[in-house]
Structure formats: structure tokens, C-alpha cells
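S.K.: Sending over a structure as C-alpha cells; questions will come in a sec.
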Amino acid sequence: MRKKQKLPFDKLAIALMSTSILLNAQSDIKANTVTEDTPATEQAVETPQPTAVSEEAPSSKETKTPQTPDDAEETIADDANDLAPQAPAKTADTPATSKATIRDLNDPSQVKTLQEKAGKGAGTVVAVIDAGFDKNHEAWRLTDKTKARYQSKEDLEKAKKEHGITYGEWVNDKVAYYHDYSKDGKTAVDQEHGTHVSGILSGNAPSETKEPYRLEGAMPEAQLLLMRVEIVNGLADYARNYAQAIIDAVNLGAKVINMSFGNAALAYANLPDETKKAFDYAKSKGVSIVTSAGNDSSFGGKTRLPLADHPDYGVVGTPAAADSTLTVASYSPDKQLTETATVKTADQQDKEMPVLSTNRFEPNKAYDYAYANRGMKEDDFKDVKGKIALIERGDIDFKDKIANAKKAGAVGVLIYDNQDKGFPIELPNVDQMPAAFISRKDGLLLKENPQKTITFNATPKVLPTASGTKLSRFSSWGLTADGNIKPDIAAPGQDILSSVANNKYAKLSGTSMSAPLVAGIMGLLQKQYETQYPDMTPSERLDLAKKVLMSSATALYDEDEKAYFSPRQQGAGAVDAKKASAATMYVTDKDNTSSKVHLNNVSDKFEVTVTVHNKSDKPQELYYQATVQTDKVDGKLFALAPKALYETSWQKITIPANSSKQVTIPIDVSQFSKDLLAPMKNGYFLEGFVRFKQDPTKEELMSIPYIGFRGDFGNLSALEKPIYDSKDGSSYYHEANSDAKDQLDGDGLQFYALKNNFTALTTESNPWTIIKAVKEGVENIEDIESSEITETIFAGTFAKQDDDSHYYIHRHANGKPYAAISPNGDGNRDYVQFQGTFLRNAKNLVAEVLDKEGNVVWTSEVTEQVVKNYNNDLASTLGSTRFEKTRWDGKDKDGKVVANGTYTYRVRYTPISSGAKEQHTDFDVIVDNTTPEVATSATFSTEDRRLTLASKPKTSQPVYRERIAYTYMDEDLPTTEYISPNEDGTFTLPEEAETMEGATVPLKMSDFTYVVEDMAGNITYTPVTKLLEGHSNKPEQDGSDQAPDKKPETKPEQDGSGQAPDKKPETKPEQDGSGQTPDKKPETKPEQDGSGQTPDKKPETKPEKDSSGQTPGKTPQKGQPSRTLEKRSSKRALATKASTKDQLPTTNDKDTNRLHLLKLVMTTFFLGLVAHIFKTKRTED
């Protein structure tokens, strides 16, 4: 079906470029394959490339899902310097250097002590499985290659041959093995991520580095196995590829394997058997697999808080969900290596402050600065010429603040935070303008400081962070979809400086940065244990190392809430290599399975039993207590913060030498249950830490987290209630329009994929012009020329009169939605299909239809795997999923159309949590194929051009639309407009139509058609000329929507062009100035900024609408044609052969579903930009 596009091609190019940028980002690391280490915007495209952060200002409109306080703090990606061009890493021995390492200055995880005991990993092999690497970075270096496991390429080839490995290359003494397991034959586009991760694990920069401090990883003397894995043929194939990499890494002698990537919310149970076997194989050989927890925060992502009545908000996915892996969360320590600036305070003291720069200021130069409020108005910048503009964060985009300052003559910009304990944010690059971000505390000091000068220092220093010790907002919460405790432990992941491609270094943030540090510590600890416990098997040493590392971790405390961060966020706490190395004791659950306690469902009174192990030759006396806490609730939302309940008293225990002993702590929260159940009606977590000290007044020696759920976790609802059950027409991801109760998306059905994410039944709306053309013999719908398009809508919803971009829910007297279909094959409300917002992962989803006696008349195929709709950010997932297998076209098991009547459409599914029972959701669906009976005659007054019908239509279902349609030629496209009846039931027919360019086209009586549609989608249409002649249309020849077996014998009515409606005009498609036809993409793409728009243009928006949903001043009168050119333009621009049913993720192919998701979403994004209806306001800081 060819439609007309009227927009300029520069706008098309913008849309194409926007689509290309996001699809390229997807192809670099694919859907959720690498945990995003620079989630620069709310879309959080998973790429570690340095990108600017833009933040939205809090909306003035109260919503159900408010912005979190620090919704975009996660990204810092700062090119540390401009280093020499890429050069191959040295393969000769390199003498040790005296230049200080980054760890010499700041070592929050206390790795240096363990490094000394384990020889910095010399003689050890470590593996990194990731999306791409710079194989020849200068940091890939051994200080003494004589201690290496593989002395030569020949040694490696011998090991490969022993295990049947026929692929993989020797790069140099450091990178002993490299292979691309993706098998796509492409060079890795993303070399940043894997290079950065590998540097944290095993980097060893030379003394010649231009960095002020030398990079040294946790195991700098270990050799590297670099294994590239990327999604090519779906998630299942991807999982099999990294499973093979795991097996090869084990066989080539890796002590530890780092996997800093993940698929959010996916369950371990759904991994291929080959992948599960690979995990088991590594464990049996004593090889530690360390994974990142993910950067997806919680259900709702980084911009929404979870609902308090849906406590299963964890999003840790695979491979992190595997129990044998050590899964790592991210936190920010209280001190950080950072750029600094110095000011003189009022008392003439030098004050140093941390800064994060974009386009750095000249070092050691004194700059004058002036306060410029929030940088919005011209008057804000009256004093900034030749100075640095000091601007407070908020209200408008960072880019605009910087651009405004530059326009006013400022030489640079300092933006200070509007939050007291926020994370630093990298500012966008605006015309190479020097800019830096500072804390609120430092910004207020500068604002009030009488001496308005500042100097930027050349050498970075370690300074306290504004946030203090704090879990990263982006770090993914547990539990896993399977209901298991994850993450296991936490490590620094905020602003980590490491190697990136081309011999450069940069700061990145993410759990991908946390994991390799823990991987290095695990490798060093296992190497220490080889000497300390020589009689243990490798698997026993691995088990001990994991338990000791978790036990010796320090539970992190939230100073603001006066409670410990949740174990579902931090695991056992912050890793401490020094404590682990010196530990002679550790603590496990009562079965000695792991160093975490999963209590599952509990009541108000329960017990926590743990086992204390003493591996020393002396008895140990300890004191212990338990903390008891739950989730903090803010209104109807989880605050993602802890709420302390109470602490038990300290108790004393003595553990004999080389022995173990159990302790049991009773917990009673009865006094809190009433207050807790009020906001958390479906249950809540009861959790905390059992902490041990050698003296109650001293620091914590070790601890173990425990988690229980007050309620029935396994049987929590998996599916959000249907939108039909919402009193205000809104849901978690969807906000109803404010101008009408029960009203849905106000921007048109074409954007349901982006906006209307809720649980409902979808169906299809087919305009009568297309139905008419098909019945008149057009076999291929693509050959139909029409200004109207087929659209996916929601069953039970109907367009407002004269405004088919606004839909509302029509209800029976009992409040149930009027969901009706007419399965007659005309494509108009012929079927229903299930769309759901899943709050939890589920399995075995099936739809079935029951008659009024409860007999099953139809059953769908089974969808085996359902993933919770944990976000709605375009980059990873949408807020709902459409299930193709659930489409019911009104037929029974034998393929026959069912009788007219009311049926129950039931969707059944089972949460994947242990002990869960099957759940279901029902919808009432009316089936009715009765064709409306319409008047057979009419009269027409030439004086007032009023058409009066002889009778009102008779329908089995309520009348949905009774209209007069008229079709005219707008250039080469048949264009249809509609006239609604006057209050007295007559229709006023126009004499002429107006084209898009404003020209007039005379209308003949033969251009008008009387069209009636009922609420089940049955349509009857009659030419007005026949009504005036008083002829009655017979069913086999008229315009009823019962599809005839053969073409009408009468010739089709001709339109204004003289062409029959089933024939295409002979004119060629209109071309614009580029020589391209309007339905073809331009070959060139304009340069864009980070928003996907050309830098000097903002997206066009439709005029603001009033409460009726109409453009003010443009509302057509009843009985008059709709003349809103805005609407007509958008309809044409959005005309496409693809129905919007293809814009939501489906579960037709579970292995490729998520891979296809972003491509489908980008199609929608492309359409939206072309139409200029997608009203995205620019991201604000």
C-alpha cells in the first residue's frame, strides 16, 4: 500500500540517522550482552564509550512513577589524556618502574597486601570473556616473563592440542591467547569495554606511560586469555558461545574467568544445558567465574521506583544468576582519585575540590569566575564575559547552559550539583568549551566566596567523594528471577580509571568495572591457598575462597537511613582483600552451602541459624548480633533504601580450634507487622546481617547476610492488572490523558509501542477505504492507494468523534470494557491478541477461549518463557510484551467461526519462582458478525447542502461511527475525509476539499459515501448517489463487510480522478528537491548531537490541545469535515504497510526476541521523528 509523505527530507535524514545510531549501538554489544558501564542517559545503551550525561529535571506534574533523586548519576567516562598512537605491546622483559601506581594512592579494597602474598599473579592465567579488545595495548606487559605459565607460543599450542582446540592466536607474552567466539567474521567494533575490564584485572602499564600514575591491575603479572563473544544469532546461541569460551579457558589453565556482561532479568533456569554444564565444569576444576550484577537498577529502571505492592523488583539476570558464579555489585568508596581545583577561601586558606572536566581548563592558571544562577536567562550572564560561569544544575539541559555561557562570552563553565550527595556527572562537549562538574557543597562555597578566582591543578589527587560510601544507583538489585540471593559481594565501580583502545586510559562506571577487581582478588586468594592448603583439591580451594571472601566483606552502612544497605543490593558487602587474606574464620548457613542465608517465606517470628568455622589451631571467642530491617516505602513506591527495625543484643560464642559451631538467633517483628503490611500489602522482605566481632566495641570481623520474605513470595502476582480495571485509565508504565477519564494515548495509535504499555487485548482497525478496495478485487493490500492505514488498537477502545488519534475505553453498565470483535475477514476488529506487562518472570503462557458453559473452544500454542517487563527505556525492553501465539480470530478448534455471543478469553501462566501455582487473567469478549442495516434512500437540500437519511441505522451492537466519507485526489494520492452528523442527524456536505498545499478541489456527489460501523467492527457503506436515487443495495453487491465469494458485477464507482478505486493513478510519485521519491530514504545523514537530532534543530511538535483533544481554534463543527491539516499530515507521514502490531516485543522466538526488540523499537522511533508527533522534550539536567 503506497502512501504519501509530505515531510522535508532533512527531517527524514534526522530520523534515519537517529535509527542508525541506536541500531549501531545495539550491533556493537547487542541487546543486554555487555553490562552498560556508561549509562549516559535514561536509555542506557550498553556501551562503555565516553558519553555526556543529560538529566531530566523533576517534572512539575505529579505522576505514579516519579523520577528518582539521582536517576542519571551512573556515567562517568573521561578520556584521561591524549596519548601516543597505538603501538604493539612489548614482548620483552620490562624492568619494574618507580612510578607510583593508582593503587599506591587509593586502595579501598586493600589489594596490595594480598598481591604481596600471591606474587601479583605471576605464573597464573586469567581469562576475560567480553565484547571486544585492543589486543596490542601498552598495558599488556609482564615484568618478568620467565615466571609466566606459557613461556612461548609453542607452549600454548601444545596445551591447545591436548584439549582439541584448533583455533585462537598467540599475541604476545602477556596476551597468550585471543579468539573471537562470535563466529561472525567481523572485527570487534567495541574495543573499549573488554580492554577496560582487562586492565582492571591484569593491566601493567609501562613507566613510559604519559599518565601521571601507572595502571596496575589486581593481577598485573598474570597472563591473559582474551575471548570475544557477542550476540549474532540470538541469546541461546550467544550463551552456547560463551559456554565454549568457559570450557576453553578452563582447559587452558585459567585460574579465574571474568564475565562483565549480562541479560537483565533472565532466569538461570532458561539457559541452554550446554551453558549450565560449562558452569559446573569450571566449578569442578576449581576455576572461579566472576560476573557483574548488571546496571539495570531495579524494576522500572533508573527513572522509576518500584511499586510497593509488587516486591519482586530484582533484575539481576544471566549469567550472574548462576549460583556457582560470584556476582558483584557496584559501590562508590568515600575517596577517589580525581582532578582537582583550588580556591582561596575567605580566611585565605587553600581549598581543594574534586572536579570532573570535559575539555579541561588550562592547568595552574588562575581564572576569574562569576555566578550565573541556573544559566537560563540572558540576564544570568551579565558578569561572565572573560570569566568562568558558575551555574547551578537544574531546569534546562547541560548543553544549553554551556551554549548560553559561551554566547555570553564566558571562557568556561562550572556546573554544581543540586543534590547534596550526588555522584559526579560528565558534561557534554559543546564546541570544545572547557566545562567541569562539581559538588553542591563546593558550588555553594564558590558562590559565597569573596575571592572569585579558581585554579585547576595539573596532577590528580585522592579526595573525599561528595556521595560518601554509597551503593551505585545503577547497580542491579536481586533477587534473581528464579528467587535466589544475588548479588554476592560489592566492589568499587564508580569512576574507575583503566585502559581503553589505542593506548589510552579512561574512567568508566558500572558493575563491569567492579567484577574484574573481585576476579583478581579471587585469583590471588586461590593462589595463596595453593600454598596455605596444599592438600585441598582445586574445587575445595575455590569453595573456601568464595566463602572467606564473602564472610570477610564489610557490610556497607547507609548513613542517611541509619541502616545497612540491603543484602539484595550489596550482597555480603564491600570486598576486603586484606581481611580475606588474613582470615582464619568464616561463616556460612547452617548446611555449610554458602555464605548467605536464604530463609524463603517467614512469619512474624522466625530464626536465623548460621555456622561459624574456625580454621586456626586455637579456640576463638567472638561476639555476635543480628540487624533486622526491611524496605523503606515512599507513598506507594519502594524508596530503594533500607528501613531499620531493630538489632538483637550482642551474644558471646567460643569456637573450638579447627572446628565449627552453630548459633541460632530468634527474630520477632510482630510489633511492626501492621504498619509494614499497610503499604506493602502483598508482603515484604525481612533481612539483615549477622555480624561478628572479637569485641563488641571493635570493628566488624566478619558477617553473613540473610533474607526472608513475610508472605508468599512464590505466588506473588506475575501480571499487572489489565488497563480496563484501572479507574483512571493508567498503569505503571502508562499515564492516562488528563482530558478524559479512561482515555488512552493522545498521540495516536502508531505510538502504542512506545507509550501504551499495559495489560490489555489488542486488535486491528481497518479503514473502510481499504476494506472496500479489497472487496472490489485488489488482492494485494500493498497495491491499495489510500491516505488511511491499518492500525493496531486495543479491544474495547474507540476513537473520539472527529479525532481518531484519541481513544477511550467504552464500558458496559457493569463497568466491564466493551471488547467486541467481528471475525469476518475484513481486517477490522477480526481478532484479539494478548498484551501484558509482566511484573515477574513466568513460564508456560497459554491463551484459551471458553463459552458461557465453561467449555474450552480454542487453545493457543504455549509460550514457554516470559521475561518481566523490567523497564521501558527503548534500549533494553519495553513496558509490555505482545504474544503472537495468543491471537484468536474468533474460530473454534476446528477452524470454524464461533456463534455470536460472549466468550471468556483466559490467559494462563505460572511464575517461575519455587512453589508457584498457576495464575490466570480473564477478559470478556463479544463475538458478533451481524451487519448493520442502513437507510436505502436520502434527500439532499441544495440550499444548505444538508443530506437527510430516510432512517437511522439498525445494528446488533451499538453504533460506533456513522459518517459521510468523501475521497478526492490530493496530487497523486486518494485522500479521505469524514463528516460527522449534525445534532439533528443530518449531514452537511462540503462543496470542495482542501489539499495539503491549500489548494481547493471541487467535490461531486459521487465522491461521498455513507459509512456505518458498529462496536464489533461490522461496517456497511453505501454511495450517496445510490441513496439519492432511492436504490436498495443487496447484500451480495452492497458495501456490507461480509466478504463476498466473487467480485461485484457492477463497475466500481469512480473517484474525482476518473480512475477506478482499485487502480493506481498513472502519475509518477512526487519527488522532492533531492530527486528522491517521498517513500524512499535519503542516502545521506546529517550530523547529529547526542540526542539524535541535528545540532541546530529541535523536533517539531503538534500544537497544544485543549481538554477535548482538539487543536484550539481548529475544532470542526458537527456535520462539517475535519480540516485539521496537522492531523492529516501526521496520518499520511505515518502511513506504512506494517501494522503497529509489529512494534512491540513478542515471544514468537524466545532466542531472538530480545535481539529483534530494539530494531522494532527503532522502527517506531523512526516513524515518530518523521511525523513530528513524538513529543519528546529535550533531556534536562
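Just so it is clear, glycine is given a Cβ too, placed from its N, Cα and C backbone atoms.
Copied straight from Swiss-Prot:
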SIGNAL    1-31  signal peptide
COMPBIAS  33-52  compositional bias 'Polar residues'
REGION    33-117  region 'Disordered'
COMPBIAS  70-81  compositional bias 'Acidic residues'
DOMAIN    99-581  domain 'Peptidase S8'
ACT_SITE  ASP130  active site, charge relay system
ACT_SITE  HIS193  active site, charge relay system
ACT_SITE  SER512  active site, charge relay system
COMPBIAS  1029-1054  compositional bias 'Basic and acidic residues'
REGION    1029-1150  region 'Disordered'
REPEAT    1051-1067  repeat '2'
COMPBIAS  1061-1071  compositional bias 'Basic and acidic residues'
REPEAT    1068-1084  repeat '3'
COMPBIAS  1078-1088  compositional bias 'Basic and acidic residues'
REPEAT    1085-1101  repeat '4'
COMPBIAS  1095-1107  compositional bias 'Basic and acidic residues'
COMPBIAS  1109-1123  compositional bias 'Polar residues'
COMPBIAS  1137-1147  compositional bias 'Polar residues'
MOTIF     1144-1148  motif 'LPXTG sorting signal'
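Locate each feature and note its surroundings.
M.R.: Cβ-based neighbour count (10 Å, all protein chains) for ASP130 (active site, charge relay system) stands at 31.
In this view, HIS193 (active site, charge relay system) is surrounded by 32 other Cβ atoms within 10 Å of its Cβ, with every protein chain counted.
Neighbour count (other Cβ atoms within 10 Å of the Cβ, all protein chains): 35 for SER512 (active site, charge relay system).
Mean pLDDT of the predicted structure over the repeat '2' (1051-1067): 38.
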S.K.: Between HIS193 (active site, charge relay system) and SER512 (active site, charge relay system), how far is it from one CA atom to the other, in Å?
M.R.: 8
S.K.: With DSSP assignments reduced to helix, strand and coil, which class does SER512 (active site, charge relay system) get?
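M.R.: Its secondary structure by DSSP: helix.
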S.K.: Between ASP130 (active site, charge relay system) and SER512 (active site, charge relay system), how far is it from one CA atom to the other, in Å?
M.R.: 10
